[in-house]
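Now, the feature entries from Swiss-Prot:
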BINDING   His407, Glu409, His495  Fe cation binding site
BINDING   Cys617, Cys620, Cys640, His643  Zn(2+) 1 binding site
BINDING   Cys631, Cys633, Cys648, Cys650  Zn(2+) 2 binding site
COMPBIAS  875-884  compositional bias 'Polar residues'
DOMAIN    361-527  domain 'JmjC'
DOMAIN    1034-1124  domain 'FYR C-terminal'
ZN_FING   617-667  zinc finger
Amino acid sequence: MGTELMRICVKEDSDDLPSVPPGFESYATFTLKRVVPATTSDKAKTPAIESVSATEQAKMEVESDEAKAARALRRRPWINHSGCDDDGDCAANNDNAASQNPDQNCDVKPALPKGVVRGCEECKDCQKVTARWHPDEARRPDLEDAPVFYPSEEEFEDTLNYIAKIRPEAEKYGICRIVPPPSWKPPCPLKEKQVWEGSKFTTRVQRVDKLQNRSSMKKISKLPNQMRKKKRKCMKMGMDSVTNGMGDPCSASTGMNELETFGFEPGPGFTLKDFQKYADEFKAQYFKKSETSTDDKCKVDNSIDCWEPALEDVEGEYWRIVDKATEEIEVLYGADLETGVFGSGFPKISSSHNASSSEDKYAKSGWNLNNFPRLPGSLLKYEGSDISGVLVPWLYIGMCFSSFCWHVEDHHLYSLNYMHWGAPKLWYGVGGKDAVKLEEAMRKHLPDLFEEQPDLLHKLVTQLSPSKLKTAGVPVHRCVQHAGEFVLTFPRAYHAGFNSGFNCAEAVNVAPVDWLPHGQIAIELYCQQGRKTSISHDKLLLGAAREVVKADWELNLLRKNTVDNLRWKAFSAKDGILAKTLKARIDMERTRREFLCNSSLALKMHSNFDATNERECCICFFDLHLSAAGCRCSPEKYSCLTHVKELCSCPWVTKYFLFRYDIDELNVLVEAVEGKLSSVYRWARQDLGLALSTDVSGSKMEIDEEGKVHKDPTPQTTALSGKDLQLKVTSKEVSKELEKTSKLSHVNLLLKEKEEQITSSHCMKPVKEETVCDSSDPNVSACQPSEGGIICMTAVKSASGKKNSQSLPNDVILLSDDEYDIPRKRGSVRRDAISSGKKLEIRERPTHVLALEASAKIAAPICQREGDSLRDTRNTISLPTNDQKTMRRDVPSSTSHAEVNAEATGLTQDICNRMATNSHGGGKPTSCKSKNSGGLAIVDVVDGTRSSSGTPSCSQNNSPDRFIRQKGPRIAKVVRRINCNVEPLSYGCVLSGKSWCSRRAIFPKGFRSRVKYINILDPTNMCFYISEILDAGRNSPLFMVYLESNPSEVFVHMSPTRCWEMVRERVNQEITKQHKAGKSDLPPLQPSGSPDGFEMFGYSSPAIVQAIEALDVNRVCTDYWDSRPYSRPQVQFPANPLLREANTSGRSNVGNLQLNPGHHISPTGINSILKVLFKKASMEELSSLQEVLSETNSDMVTELVKEEIQNRR
């Protein structure tokens, strides 16, 4: 019970001391009266005697007037002579003199008689309530009620959706009440006997009369001699407490430190059963009608009239006590009880199977406050730790008059409060738009308290009458919460209230997307006030953005129309709350970086920088999830970008900056959130680790709660997923893997040799670089695709023009992924930076080559190609990039490996492999602009050549005003059947799965065909198109069409029909454009349905269909064969019927590819078929085959193969 001593020490009764030296007080009046010496009875007063009424005290003073004192002859009553006396009597009287003659400049409130006395000699849990309610002086505020909502059963199913629905109506009030449907009655585990009678909780002592009307603590103790008096008094009380077993004397000095602030002291512990008894006794005694009572305080129940005051009476009495109390009213409140320790009032999901279906329903409900913070759509799901009171609910067990003072939620979050049982709880709310008005009104009415504690509203210990707020122009609304009802508070809405009796409520926070702007304001205020944060706002903001990108990816590419994806898709808009908040935050970050970080070292922040513990600025406690500043003098000490100069006194050159993302990457994220599909594609691959192909790394993928995909890489895999997964390879291995068309993407790499050792603190630095791709270079060899770009190899020559002999086989690997939405500026080749071969660096650039735009319900990314002129793999050329900041990382020379961040990109790798074999060169360079064709943006990628002026050679910005207006192009009125002469190039292999076939056709992976159609670049001519089926990942095919003469023109979709429909739309777009330019002899606009996608792929050709059917020997394509129960494959076809030489321009007739028993394949065909088979085999299988062929007769092998074929048939 040492807390009792603390409470006594902080008391202000009879401890009010003047603020000037004794004997020099100035009095308002000069009434002469005799000085009354202290009597023996005065010294022996007990706390019970001190609580007598003011009338009795006046009577005692009149009776004591008869006593004579030697010093009563002094004629100067305005001078306090008691301070000059040396005898013990006058010294003992100093306290009384100080309390009777207060300093006029120190507005210390006079002591009030005790209205509640807790504990006695017989028991410590009883109470004596001497105060009585004053119905004639009630001060019930005249307020409007907050809105009440009654959701239907259907509306009640989706918690956050319903809150979003009522927000426009309720937010202006700051608070509202939600009454669940009558059928929603969750069981309460707290009412179980073992909890009700066995679990104890702690309470807080609240002085209701001091919530509004109290003096500043600084005015109570100003002088040292007065402090000594209070200390002596506390020590004396401490000794008495020790005698009574209540504490120890040293506790008194501890209490002295708390004189500087006002707060709620800890109270005794109770069980729910005992606290209900205590609360009911208080209310019954305070509001009882009759004055009859027994002398035994512990049996006060016998004299209580059993009646319940009206709620209006309780409200009026409460605000009378707060406004103008006549007694000390002390109550207890079980506030902020952690449900993780004491237990929740809602059922939790149990691992046992004994739970009933009804309990399971409530345990999984979105209105269960244990589930509420992390519901789908709440940003708090991205907070990994269980923050008590924010993500873990708190319990509030109240009694009559127990209060919660004016405050807003941490980070201005939403809060939801549910009352499990008990008397009503009265709430008062002020809308977020009026929060500043309330703060100004409270500072005006309580200036001394705010001067002493500027952050007083953060302490939750100050109340102010709603009537006074209303007078000050602050709109306040009342809300009465009953058992079984919810109360919802909105962001930055101030709220306060009290309980009208014994009750139990539970509350927790939530953060829907519309909270983000309020949360941003909150952290800026916290930074100014130097207040600690509870959650990482930037982490939640980026988590929401990633979720939107992931939803866009799954909806557009995987057709996952789930409820969660549709919910997040709704936030994917340029003018949406998420996009605006993210853009504002990035603009703020850009400004700070440009202002501070231009001349300093910038490093890549590790992904686990704040994974285990929150990183905060050591100056203002700003969250450091996105960026931080540090110094070498203190490795574990960081600051925000604003306070980097105050971090330490070291020179500026010793400082460094940590960035989770560079600004270009963040800009990509903004575009992705705004709905730009190219940015969605790039960010999904770059940050989330999502890819359309999973063949490259045969690894398992797991998606965490933030939407990131984590893969478990295999030892042979060189293509990695995720930004932070790194693979070390030697330069020879890099060269070898590139020759094997290794799948490397996502990161721009610039590898150089390094002679000196570089410390880890110099691992990344911002650099600028412009490069140009020169197609006239005879050393142009091959390009590998990166994410939206390509990897090119070229020999780096020294300044003398000779090839650097120290360079490795593929000296420089530059992965450029620049996407240009505007005409690019001319750059210069930075060969001087890499010719010396003295440093090994890694340079990263954001992706800028893929351009995808969502213009249909379902679309897929365009995987582009660059460079029409591709030859043998020998050297590397630089690719054009924007003039932009990039990040450079120096790698220590002690290792012979390059740390390569890479990502699996099976789709782009497959495209690139065919670029080297199918490209004939000579294609016209086109500008890298997105052209909306109705289904997807068609991307023209700038190839190796471009004009020196930087102007695109084929611009799409032709204005209609530049040409004479003509009538529009003709439209074909009849859909004519195109004579499709489809030429199969490769039949591929059949895969099992419903997505790899339909009732109409089988879709073999790797199938390729060739057909002639209108040229999208020159509609007056026809050209050849290559149709191909790729593996899109997630066990589904992806259909791709591209120009054989210009592989940079790519059309990709999940449907063959839609894929060719996009080609038709692009043709019509070009026809319209050239018609406006005045060109004649143009074909008519192609109507919808012409051409047919299945026909253009070759599925109308019986020979091709039969060849594909023959591939499915085991009939794994069940949907296709179920629709053809009497069909069976007639003959086997080779998987690769036609392998053309790269330099062959002739066309082979492949109509008669059917193999008869006597058919002989040419030696070239045999080699090609064997190569295909060998590539499908593993190293172990190839080694075994080599041993068998070297030691066994070939005839035996032939017989075994024939036997196996017969068995499989």
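Glycine is treated like the rest: Cβ placed from N, Cα and C.
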Per-residue pLDDT averaged over the domain 'FYR C-terminal' (1034-1124), given as an integer: 86
Residues close to Fe cation site centre defined by His407, Glu409, His495, Cβ within 8 Å: Trp406, Val408, Ser415, Thr489, Ala493, Tyr494, Ala496
CB within-chain contacts under 8 A for Cys620 (Zn(2+) 1 binding site), separation at least 6: Tyr526, Cys527, Gln528, Gly530, Cys640, Thr642, His643
Reduced DSSP assignment, His495 (Fe cation binding site): strand
Binding-site residues compared (His407, Glu409, His495, Cys617, Cys650) - the one with the fewest other Cβ atoms within 10 Å: Cys650
Binding-site residues (Cys631, Cys633), the one with most neighbouring Cβ atoms at 10 Å: Cys631
Cα-Cα distance linking Cys617 (Zn(2+) 1 binding site) and His407 (Fe cation binding site), given in Å to the nearest integer: 25
Around the Cβ of His643 (Zn(2+) 1 binding site), the count of other Cβ atoms that are within 10 Å: 15
Largest tally of Cβ atoms lying within 10 Å of a Cβ, found at which of the binding-site residues Cys640, Cys648: Cys640
Residue distribution over DSSP helix, strand and coil in the domain 'FYR C-terminal' (1034-1124): 41 helix, 12 strand, 38 coil
Coarse DSSP state, helix versus strand versus coil, of Cys617 (Zn(2+) 1 binding site): coil
Cβ-based neighbourhood (8 Å from the centroid) of the Zn(2+) 1 site, residues Cys617, Cys620, Cys640, His643 excluded: Cys527, Cys618, Ile619, Phe621, Phe622, Ser639, Leu641, Thr642
Sorted by sequence, non-Cys631, Cys633, Cys648, Cys650 residues with Cβ within 8 Å of centre, Zn(2+) 2: Arg632, Ser634, Leu647, Ser649, Thr654, Lys655
Alpha-carbon distance [Cys617 (Zn(2+) 1 binding site); His495 (Fe cation binding site)] in Å: 30
